[in-house]
Amino acid sequence: MALIRLVAPERVFSDLASMVAYPNFQVQDKITLLGSAGGDFTFTTTASVVDNGTVFAVPGGYLLRKFVGPAYSSWFSNWTGIVTFMSAPNRHLVVDTVLQATSVLNIKSNSTLEFTDTGRILPDAAVARQVLNITGSAPSVFVPLAADAAAGSKVITVAAGALSAVKGTYLYLRSNKLCDGGPNTYGVKISQIRKVVGVSTSGGVTSIRLDKALHYNYYLSDAAEVGIPTMVENVTLVSPYINEFGYDDLNRFFTSGISANFAADLHIQDGVIIGNKRPGASDIEGRSAIKFNNCVDSTVKGTCFYNIGWYGVEVLGCSEDTEVHDIHAMDVRHAISLNWQSTADGDKWGEPIEFLGVNCEAYSTTQAGFDTHDIGKRVKFVRCVSYDSADDGFQARTNGVEYLNCRAYRAAMDGFASNTGVAFPIYRECLAYDNVRSGFNCSYGGGYVYDCEAHGSQNGVRINGGRVKGGRYTRNSSSHIFVTKDVAETAQTSLEIDGVSMRYDGTGRAVYFHGTVGIDPTLVSMSNNDMTGHGLFWALLSGYTVQPTPPRMSRNLLDDTGIRGVATLVAGEATVNARVRGNFGSVANSFKWVSEVKLTRLTFPSSAGALTVTSVAQNQDVPTPNPDLNSFVIRSSNAADVSQVAWEVYL
């Protein structure tokens, strides 16, 4: 026994084994353990939960470590003790050593887990497939609503005494109504988590006031019901570091690095999570680095993910108000995935609502860099970037996803894409560079593309309805805007193309109309577009058996010279050389069209008459026609008219 000195009641030990073996502790003793895991202790005979870090069993009682602030992993003799310590709420642990996880570590409410520069947790798939869990549970009992609760309402009602809800209680609402954020292929039903801010009872009915409005109608006809879940609240993970680089241990696969279910106010920052997927491989071991299921008010900031089998951050269930900032994901399936739930094994409830991703980067993902699967509402990505994805850079598989100032580089498919049954993603000031198929693909259900750019793809924009407004498109080999449908049963809707720069740069047409899939050009309007350099060949058509009617066109440019000037009428007429153009044939895969000439009278002699344009002619020089020799005639209804007339040529 290594008792160094004994000055009652002080007892000082040089090693842990000696301390826990000492048989004669008294309650009044002052006890000190030396060394890196040392500290001061008190002795008690009161039963305590032993974790071999802050509480030790000794002969006749227990030693309790005296400390203020966090506990340290270096205090604990094994992983099991850390699991025991963190199994209670209100814990604060600093991981300052390399830990081998032999089971999942459950984290409870009001707890913080911090990692130092030397702190790590290494998973061990032989005994634990998950690493960190922040997990509550769904209600075990549900009660029906007493009356319908409409979307936008912040009050629900139940029968008096049916639900033990008080201020601060969380509620979980659900019904048989299907989620409507996207195609919802699996038939997931609606649900939401809300917090009680007030309760009142009158006339046999309890009214419960909620902290936030409902997103859906909860109707009795849909079997709307409510229960009280067990929630884990207020958890913070600072610099979590899971796994290491440069290992050969194939047993370190994990299904989830950090998994949260029925949690609120969960915050993860500055972490590193490393999977065991072979570099570049598509195996699915290690499903998610971080997984939020039925969580509210969650954030991830400044965290890096590497070699994850599936997702960097996965969001599913009725998770709401989730924000992900400044993450970096390398060689994962998707950096961020808002995910569906399969109902093959039974009913599922909830879709992600109010998701925001900001300044996130995805590198060399094995599928789309950022994905939204099938359901979800009010989803937005801001200043996010995808590099070298093996599929799309960004994929919207739920309706109305909004992208602001995002960028996609060198995707194997589309820079930005939607999917079957998905309507109207919104792109604002986004950039797409050198993506194989298209910069922006809105051909599954329409979309809005505002002030964006696409360069170096087959098509700048593939679209079947909506709006392309502003922006610049270059080096797209087939066309800058391809009006098509990627799914035959998708309905074409009206399309506005306005103020777009599609100047000819040696490749491709300005606009391509895909008659093979039934595209009707009359549903398209084109105005204020710069198609300089395309000349007669601004449009490409295919698949039409008879010549279609062209789109509505106004103030588009085909040239930057020879399109404005002033003419003086002589005897009521002037012939003007200008770059007027037209196609007057009736070939099926072509439009019949002619330039629009705008006339503005500059002088008003007494002989002024009504002005018209006649006799548009195109130069036919062989082998190369000269567009500067094209001409049109301005004619006045008064043969004596000598007015000066300004003219402008548009398409």
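Every residue gets a Cβ built from N, Cα and C, even glycine.
Residues or ranges marked as substrate binding site by Swiss-Prot on the basis of experimental evidence: GLN130, LYS177, ASN217, LYS291, GLU314, ASN339, TRP340, ARG378. GLU314 (substrate binding site) carries a strand DSSP state (E or B). A 10 Å cutoff on Cβ-Cβ distances gives GLU314 (substrate binding site) a total of 26 other Cβ atoms nearby, all chains included.
The region 'Interaction with the host capsular trisaccharides' annotation in Swiss-Prot covers 71-559.
Of all Cβ atoms in the protein chains displayed, 27 besides its own lie within 10 Å of the Cβ of TYR311 (site 'Important for catalysis'). As annotated by Swiss-Prot, site 'Important for catalysis' applies to TYR311 (among others).
Under the DSSP three-state reduction, HIS373 (site 'Important for catalysis') is assigned to coil, being neither helix nor strand. The number of other Cβ atoms within 10 Å of the Cβ belonging to HIS373 (site 'Important for catalysis'), over all protein chains shown, comes to 25. Under the heading site 'Important for catalysis', Swiss-Prot lists HIS373 (among others).
Residues or ranges marked as site 'Important for catalysis' by Swiss-Prot on the basis of experimental evidence: ARG397 (among others). For the recorded site, ARG397 (site 'Important for catalysis'), the DSSP three-state label reads coil. There are 27 other Cβ atoms within 10 Å of the Cβ belonging to ARG397 (site 'Important for catalysis').
The Cβ of ARG472 (site 'Important for the adsorption and infectivity of phage') lies under 8 Å from the Cβ of GLU453, VAL500, SER501, each of which sits 6+ residues away along the same chain. According to its DSSP assignment, ARG472 (site 'Important for the adsorption and infectivity of phage') is in a strand. Residues or ranges marked as site 'Important for the adsorption and infectivity of phage' in Swiss-Prot (evidence: experimental evidence): ARG472.
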Checklist outcome for this item: Cβ density check for LYS291 (substrate binding site), other Cβ within 10 Å (all protein chains) comes to 26
Item to check | Least surrounded among the binding-site residues, given as GLN130, ASN217, ASN339, when other CB atoms within 10 Å are counted | outcome: ASN217
Next on the checklist: Under DSSP, is LYS177 (substrate binding site) part of a helix or a strand, or is it coil?
Outcome noted: strand
Checklist entry - Distance between ASN339 (substrate binding site) and HIS373 (site 'Important for catalysis') at the Cα atoms, whole Å? => result 5
Checklist outcome for this item: Span of the recorded substrate site, as the biggest CA-CA distance among GLN130, LYS177, ASN217, LYS291, GLU314, ASN339, TRP340, ARG378 in Å, is 36
Checklist entry - How many other Cβ atoms are found within 10 Å of the Cβ atom of TRP340 (substrate binding site), counting all protein chains shown? => result 24
